[in-house]
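Straight from TrEMBL, the features:
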type	residues	note
DOMAIN	A:19-133	domain 'Acyl-ACP thioesterase N-terminal hotdog'
DOMAIN	A:163-249	domain 'Acyl-ACP thioesterase-like C-terminal'
2 protein chains.
Amino acid sequence: MEIIDKIGKYDNLAEPFHCDFSHRLFMGNLGNHLLNAADFHSRDRGFGMDYLNSINKTWVLSRLAIEMDEMPMQYENFCVETWIESAMRYFTNRSFRIVSSSDNDTRPKTYGYGRSIWAMIDTETRQPSNIFDVNDGTIMKYVENEKENPMEKLSRVKMADDAELVRTIETLYHDVDINGHINSVKYIEHVLDLFPLEWYRENTLKRFDIAYVAESYYGDRLNFYRETDAEDALAFKIRITKTPSRGGEEVEVCRSKLKFVQPINGFQKI
Amino acid sequence: MEIIDKIGKYDNLAEPFHCDFSHRLFMGNLGNHLLNAADFHSRDRGFGMDYLNSINKTWVLSRLAIEMDEMPMQYENFCVETWIESAMRYFTNRSFRIVSSSDNDTRPKTYGYGRSIWAMIDTETRQPSNIFDVNDGTIMKYVENEKENPMEKLSRVKMADDAELVRTIETLYHDVDINGHINSVKYIEHVLDLFPLEWYRENTLKRFDIAYVAESYYGDRLNFYRETDAEDALAFKIRITKTPSRGGEEVEVCRSKLKFVQPINGFQKI
């Protein structure tokens, strides 16, 4: 059966073990739900990862940004809506909206939005692959350019060269995903783990941006460099580099940007 | 509406980001699904965590063991069944069965089983609390002692004093659960992270037992001691201790036992 809806909607529950000390969903777990929604949406429409793999292609997540007015709380049901905002030859822009989905909601509450950029590559050459060649460009049928996403568009994260090295970690069994790469969600968690629990008592993560620059692998050491903002004490940029296990040059793998708010300006902690 | 089924059944999907390099669900994620099932089952029957908290009581997970013939694979639907096998004054024995739940399954496949022990405590005194006092002993209506669980009963994990210190870690933001304690699932993940990826290429985790002895908190350092078995190269015991951030004596927090099999004796890796 062909699915004609351009927008995919996927229900989720903020599971208790996926919530932080403030009883709100961890940003990394929300990111996981967004990536699942993207996967389900594309599978259901004929350009999913499993079909692509069968023709030696795959989706690669290039950027992800999430901006929240409020994080779903423990046991709250929420729905991740996702749609393709635009598709170019080598990239698609995919949007997300996170809304409440409890039965007794008369008017669903919007928790926040997400934006992402995905590239299609050839799994053998690792080169960009033309998205319109897949299933006779079927993806174009699903481009939804009228649904609003009020988030600012993604922009390059510019970083100075003098960011401070704040942590180096080993990659372990749980860091590795089904493709043998370091899991996209784990990078988010490692970045957020750079801030002490006390920080999260006073400050709430409002927006998280991450650009995936290169892949890293089991055994690589990951180095985290932090740049503070002279004009905004609640804004940070983090560069992640890898030092390969066999030695060799340090290479940038991710770049991320965090914007916190204090509860009085943002949403209230319980 | 009163639920009369003694057995709760909860459908799950092996999400791709919850699977390891072999495309099988991580044991820690399965553990999370089991704990959720326990929570949903007790909530639906009038003795859930949220009701207990309102009368200053709570469930405390004392032990958990999982034994698998096969781990659900990426995108597989599976169902966690859970029931109370027996209830004593201060403890309940809760069982789990993990079965396939795809639509086209004519005869569901059993992936494995779990066993757990839960204590009820008073949240003010932290002392054991009589389970039969809650809702006039309503829990007894739900004891299901006919459903089979072929797993060996839980037994004490005895450890020698000369186990080797193999790792010490700091606890970070993502380690802390909604109660401010180190998350029960994170201990499982930290234990499994002691083994290198290469180990998991050759060996498959068949059974995992963990006993929660004491709580640890953000800032505590966790120390992992490993004991090998002279007669079984695929069996390990791990003791976790904490060194409080304010200093002080090293205290045992968990004890766990792992039994691996080689694919030829156990289930096949893809």
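Placement of Cβ uses the backbone N, Cα and C atoms for every residue, glycine included.
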Query = Over the domain 'Acyl-ACP thioesterase-like C-terminal' (A:163-249), what is the model's mean pLDDT?
reply = 95
Ask   = Using DSSP, how many residues in the domain 'Acyl-ACP thioesterase-like C-terminal' (A:163-249) fall into helix, strand and coil?
value = 18 helix, 41 strand, 28 coil
Ask   = In the domain 'Acyl-ACP thioesterase N-terminal hotdog' (A:19-133), how many residues does DSSP put in helix, strand and coil?
value = 26 helix, 51 strand, 38 coil
